[in-house]
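Participant: OK, TrEMBL features for this one:
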type     : residues : note
DOMAIN   : 39-663   : domain 'Major facilitator superfamily (MFS) profile'
DOMAIN   : 469-518  : domain 'Kazal-like'
REGION   : 675-702  : region 'Disordered'
TRANSMEM : 29-53    : transmembrane segment
TRANSMEM : 73-98    : transmembrane segment
TRANSMEM : 105-126  : transmembrane segment
TRANSMEM : 217-245  : transmembrane segment
TRANSMEM : 266-288  : transmembrane segment
TRANSMEM : 353-374  : transmembrane segment
TRANSMEM : 390-412  : transmembrane segment
TRANSMEM : 418-440  : transmembrane segment
TRANSMEM : 546-569  : transmembrane segment
TRANSMEM : 635-657  : transmembrane segment
Amino acid sequence: MWRVVQLFCECIQESANVKTIKQVPPTCLLCVFVCFQLFLASMAFVFFSKAFGGAYMKSSITQIERRFDIPSSLIGVIDGSFEMGNLLVVAFVSYFGAKLHRPRLIGIGCLIMAAGSFLIALPHFFQGLYKYETSVSHSTDINSTASILPCLSNHSIWQTDMTPNQFLNRTCEKAAGSSMWIYVFLGNMLRGIGETPIMPLGVSYLDDFAKEENTPFYLACIHTVGILGPMFGFMLGSLLAKIYVDIGFVDLDSVTINHKDSRWVGAWWLGFIVTGTIILLSSIPFWFLPKSLPKEGQEQSQSKSTELTTVAEQENFLPDENQDHEEKNKPVTFQELAKDFIPSLRRLFKNNVFTLMILTHLVAVNGFIGMITFKPKFMEQIYGQSASKAIFIIGIMNLPAVALGIITGGFVLKRFKLGVIGAARVSIAASFGASCLLFIQIFLHCDTAEVAGLTVSYQGVPQVSYNQQTLLSQCNMGCSCSMKHWDPVCAHNGVTYASPCLAGCQTSTGTGRGMVRQSLFPSSMNMSAVLGQCPRRSNCDFMFKIYMTFSVVGSFISACGGTPGYIVLLRSIQPDLKSLALGMQTLIVRTLGGIPPPIYFGALIDQTCLKWGTKNCGGRGACRLYDANKFRMTFLGLITGLYFLSNMLWGGVYRTVVKRQKKLTLRNQAKENGLEGNTVDNGHANISIGKNKEDADNESTI
């Protein structure tokens, strides 16, 4: 067995020194084929793994927000820490990594990602049991099932809502809303650092050693396998969102809330242990891959009819510059590499197509990141879906549509042999179609949840303005209720009350989730209320199905432009700058398109909050209820605006590409005319000098 491995390694080392597949010794052809297939499989698996971990992080945002009792703006900072990690190292990894052993750098990145996932789960083991917010008990054992009186007439509002003393402040430092979220922040940043080499180094490695016409298909296959990662990530998030955070440590029968409650926290920490293990396994194959491989299919002549893969076409979309950059030997020392870094950046950003593509992706990613981060919360607040169901639906419906769209875009490119202009047209059409469907979704919504004193009055009349003082009414005036706590109950009339006390409840019967609150209304009729918010009206299910139809179709159409857009980027840059270009794209897009959106989306969403939760120590916690109309207009309106701006930028990209295409056509026509006019049949050489500035690259033709 060891001899087989040794022979395999010798074949790889010998094959790595040749440039074409023709020069590979016949005995080593199988080794090269196995290596290339192993690389493709490894790339697909690592794309799956990183997407699996990233999607699970997105699906756990709501659970983390509730567990640490933090607002949406702060959870946006935590979510953006992944891109912050990319920002620290992406430029250096992309440039210097292209000169080093790219597969091993990817393996090291996977190890760092796995460590980050394990670090995110760490706070659960030091934080203590989760004590959810409730208004019916102020004892240290909040989860107690002892019989209690919801209405405490001997307390005053001032006593109930007063500022906590120093002892409670010290207790609060160790509570759910403490600084333990910093571990999640740092772990997510480590994930971002580890993910950095995968995209620029992996894609450039593939494009360097694969046949040019096969690159779009390989990329589409890898991304399609990778899209299974978010599917499984969201499905895992949905499953764990139904499992109580302290499972195995508390008696679940004593828990008075269920997974549909806005205070519920699932076993978010368990998923990061699973994703960390998967990412760790994905690093193994990269340690056995060679630094370089022979070019696939290099010996075959390129077809003139294949618009996408001709060398002339790629030269068309490269800025005019001295070709010595491609012919001279690459520097080998670190000092020479560092000295060449700034000139390489200058060459890169002189490329107009590359610059416009960066701006286009930047705007589009702003809208996409904001949407995917808060879409589960949007579905929960607007359509009354539980966090678990919202996450599951995204994973089982939206993500398969995205996978199908990605593979469809790659198939269209290969089937119709589309070049850069054709790829740009496909991307523009897909972006515009997705924007139109997104705009329609703004007008789809359900009736607002009926919460007494917040969205409707105690008589069932919709509220014109929201004020905390409207939480008080005749039925609860004598109960001295706290207006800070959120412990919702559903009354017989289908209206939700913020707490049993505000519902006028004076007694309680039962334990756990089966507890029933008894109230005595002014009509002297005994009424009861059950724990939790009231379900939405039946027509909400129909509206939600329509919304999901538009959402799924829009996801498919948008994804169809993904692979063509990537091809436009790849074909617009010099081969020696490919890794640097992909790295700089990752740096800029993730810095300005990945970090700010969760923060400003979260801050704007916080402005639509109607009822904030209360921490154990009395401070403001996570939001429990939003103004549905303001939330919808803010969330979808902002995304739609960003997508339409992206469409306008795509128009600029297309005009630039067409202009360069016309430039190449005129250059080729002038070259042909020059050859026809100056060719002599007497056997003597004829020299024509190109005087046009556009012919600078072809100074003379013999």
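Cβ coordinates are placed from backbone N, Cα and C, and glycine is handled just like the others.
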Participant: At an 8 Å Cβ cut-off, counting only pairs 6 or more apart in sequence, do the transmembrane segment (390-412) and the transmembrane segment (217-245) clear the bar of 3 or more pairs?
Facilitator: yes
Participant: Do any residues, 6 or more residues outside the transmembrane segment (418-440), come within under 8 Å Cβ-to-Cβ of it, and if so which ones?
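Facilitator: Non-local partners: 307-308, 313, 316-317, 364, 405, 409, 412, 550-551, 553-555, 557-561, 564-565, 567-568, 571-572, 636, 639-640, 643-644, 646-647, 650-651, 653-654, 657-658, 661.
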Participant: Within this structure, do the transmembrane segment (546-569) and the transmembrane segment (353-374) have 3 or more Cβ pairs under 8 angstroms, counting pairs 6 or more apart in sequence?
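Facilitator: They are in contact.
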Participant: Going along the chain, which residues at least six beyond the ends of the transmembrane segment (105-126) come within the CB cut-off of under 8 Å?
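Facilitator: 46, 49-50, 53, 57, 85, 93, 97, 180-181, 183-184, 186-198, 201-202, 245, 268-270, 272-273, 275-277, 279-280, 282-284, 286-287.
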Participant: When the pLDDT values for the domain 'Major facilitator superfamily (MFS) profile' (39-663) are averaged, what is the result?
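Facilitator: Result for the domain 'Major facilitator superfamily (MFS) profile' (39-663): average pLDDT 78.
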